[in-house]
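Asker: As annotated in TrEMBL:
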| type | residues | note |
| --- | --- | --- |
| DOMAIN | 7-176 | domain 'CSC1/OSCA1-like N-terminal transmembrane' |
| DOMAIN | 198-358 | domain 'CSC1/OSCA1-like cytosolic' |
| DOMAIN | 369-634 | domain 'CSC1/OSCA1-like 7TM region' |
| TRANSMEM | 12-31 | transmembrane segment |
| TRANSMEM | 96-122 | transmembrane segment |
| TRANSMEM | 155-174 | transmembrane segment |
| TRANSMEM | 371-394 | transmembrane segment |
| TRANSMEM | 414-436 | transmembrane segment |
| TRANSMEM | 468-489 | transmembrane segment |
| TRANSMEM | 564-594 | transmembrane segment |
| TRANSMEM | 620-637 | transmembrane segment |
Amino acid sequence: MDSLEDLLISLALNISVAVIILCLFSILRLIPKNKTFYFRTSPYKVRWSLTRTAPLLKEFLNFQWRNYFKVWIWIVETLEMPEPALIKHAGLDSTVYLRIYILGLKILCPICLLAFCILVPVNWTGQALHHVHDTFHSDIDKLSISNIPYGSNKLHAHIAMCYVFTLWTLYILYEEYKKIADMRHEFLKSRDPCAEEFTVLVRNIPVDPDNSINDQIEHFFRANYPYQYLTHQVVYNTKSLSRLTARKERAIKMLNYYRNKNQRMSENSTIKTGWLGLWGKRMDAIGYYAAEVENRTEEENSEKDKLTSDDTNVIRAAFVSFKTCQEAAKCSQSQQAIKATKWVTESAPEPRDIYWDNLLRPWINTSIRKMLVWATYASVLCFYMIPIAVVQSMENLEEIKKLLPKLAPVIEKLTHMGLVKQIVQLLIPGITLKIARELLRIIIEMICKMEGCISHSSFERRSAERFFWFYVGNIFLGNVLTGTIIQLHRSPFRTLKVIGSFVPLKAKFFMSTIMVDIWAEVAVDILNLVKLLKFRLNPRVKYGDEAVDPAHLLFSASEPQVQYYLLLGLVYAVITPLILPFVIFIFLCSYLVYSHQVINFYDKQYESGAVFWPTVHRHIIYSVVISEVLLMLMLSIQGEKLTPLLIPLPFLTLGFLKYSNNKFRSAFFVYPIEAAMVKDIIQQQPTQLPLDLNELLQDAYMHPSFKGG
C-alpha cells in the first residue's frame, strides 16, 4: 500500500469479505437444522427448538419468509443482554473477557478523536515529505510524525499528547481494575456454595513408611484442624485407567450409534471385527459393541481396585476439605510444616478446571521445569524470526520478485493490474503471518504443558503471557527490525541505532494485517464453516446439543491478540494516528462476534472468577511503556530538544503498575478470610437451603476416570 488510495482499496476489499461472511452466517443461522449448531448454548433456545418429527425439507430450508427480512436481528439480540444476565449465563470469565474490548474502546476512542483533531493536522502541515520521492515513504507517512522537519517546534505537540494519552490510559486502567475486582468479589459472594471454597490442594506430602498416605493425611489435619477438618481425596496415578476409560467411551459411542442407526433403518447392522473393519469375522454390531463395553467395564473396575489397594499408585498429593470456607482459606494461605517444602497448600482449583496430567508430576521439580520451558521458549522465538523476515520480504511485489525470481514474469504483469496487485500485496503477507501465528500457538501450548500448571486456567494464562511476548518481540519489534534491514540493506547494528525512525514506515504493514484479521479471525470465527460441515455431514449426528462438538473461548490465543491490537493503537497514536480507526473497528467487530459466540455457541469450560485480569492489566501497562520508549527514540532522531521531558513517563507508568497491583492484585489470587467468613455466615442463615457438605464433596475431586462405570 503506497498511497491513501491503495489503503482505501484494501480496506474496502477486506470489509467486503467480512460482510459477505457475516451475511452468509446470518442466512445459515435461519436454517432449522443449523440452529442446533449455531445456538447450542443459547438461553433463548425454546424459541426455535426442533422436533424430531419435523419434515425433512423443513430441516434444510426456512419457509418463514419474514425471517429473511430480519437476518441481522442477531446483532440486536446479542447486544441487548445485560451484564448480570450474561454473568449468570456464561460466567464471569467470559463476561470480563468481553470487557477487554470495551476497555480498548474506552482508551482508544478519545485518543483517536484528539489525535485526528490535533496531531494529524500538525503532521500534515509539516511538509517534510511532500517533496520527497523514494521507495521507503508513502502518502500514509505524510500523516505521521515523519513529515515533521528536523528540530521543528511542532514536535512539542507530540510530547504533550503523549502525556495526555498516557494519563488517560492509566486512569481508565485504574477504574477498570477496580471495577473488575468488585465484580469478582460480588460474584464469589453471591454464587452457590462450591467444592473449591471448602477445599485446598496439598502437595509434596512426606513419605511415612509406618502409615498409609490416607492415614497420614487424616492424622496430620485432625491434629492441626481438630474441629474443622472434614475429609480428603488422594490423587492416584491414573494413566492406565484413563486409557481403559477412553476405550470404553469409544465403545459406548459406537454402541449408541448403531442402536440409533438400527432404529432409523429398521434392520440390524453388521461389522467386520478385523483391522479398521476391513476384514475379519462378520458380527452383529450391537452385540459386538455391547460385549466390548462389558469387557472394558470389567477391566476398568479391576484397574480401580488395583489402584486403591496399593499405596505405590498414590501421588504425594491430596485434596483436603473443611467444614467452613474460612478454615479452608486459612489453610491455603499458611505454612503447614516446619519445612516449607513439605505439606505445601494452595487453594484448590474448580474441579473441572484441574489439569490432572500435571498433578502426577512431582511438585519439587517445578522450578527446574520452568527454567527448561523458558529456555525452550526463547529458542523458539529466536527461530521464529526467520518466518517473520520472510513475511517482510513479501510485503510488496518487488521484494517477492527478489525472493522468487521464477515468478518475475507473473509479477511484472501484476504490477500493471492495480486491483489484483493490491489483493496480492495484502493477502500474501497477512495470511502467511496468520499461519505462522497458528503454528506457534500450538508450539507454545505444547511447551507450557511441560511447566506443570495444575489447572487449565493457569495453563492458559501462562500460554497467553508467552504468546503476548511473541507478538511484541517477533511480530511488532521483529517486523520493524527485519523490515528495516531488508528494505535499507543495512547491518543490524547500524539499524538498531536508528530503528525509531522506521517505526512509522511499518504502519501500513500493520494496517494490512489488521484488515486481514477482520475477516480471517473475527468473521470466520462466527461462521465456523469447517465445524458446520462436519456437523451436517456426520452420519452419527443426533438431535440435541450432544450432536455438536464442545467449543470454548481460546483465551491463550485471543487475549494476546487483543493486547497486540491495543499495543499498535498505543504505539501509533502519536506516531501515525491513521492506524487508530482500524484498531477501533476490529475491536467493535470482535466485541459483537465474540459476544454472540459467548451467549450462543461457546461452552463454559471452567470458571476462575476472572483471575486473568491482572495479566491483562500488566500487558497493557507494558504496551504503554513500549509506546513511550519508541516515541522518545523517534523524537531524539527528529532532533527534538525537549525529548528528556518524556524520560519520567516510563518510570511513572511502571510505578502505577506496582501501585495498582498492590491495591487490587491480591483480590484475584487470595480468598480473603473476611469474605470467607461472610460466606459462611450467609450460608448459616435460616433463609438459606441446608447444605450437605458430604454430598457436595463426595466425588468432586475424584479423577474423572473413577467416576465412570
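Note that Cβ sites are derived from N, Cα and C of the backbone, with glycine treated the same way.
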Asker: So which of 12-31, 155-174, 371-394, 564-594, 620-637 is most in touch with the transmembrane segment (96-122), counting Cβ pairs under 8 Å?
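Answerer: Between the stretches 12-31, 155-174, 371-394, 564-594, 620-637, 564-594 has the largest tally.
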Asker: As a test: from 12-31, 371-394, 564-594, pick the stretch that has the greatest number of Cβ pairs under 8 Å with the transmembrane segment (620-637).
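Answerer: Answer, by Cβ pair count: 564-594.
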Asker: Give the nonlocal contacts of the transmembrane segment (564-594) in its own chain as ranges (CB under 8 Å, at least six residues past its ends).
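Answerer: 11, 18, 75, 78-79, 97-98, 101-102, 104-105, 107-109, 111-112, 115-116, 119-120, 123, 140-141, 143-145, 158, 161-162, 165, 169, 468, 471-472, 475-476, 503-504, 507, 510-511, 514-515, 517-518, 522-523, 525-526, 553, 558, 620, 623-624, 626-627, 630-631, 634.
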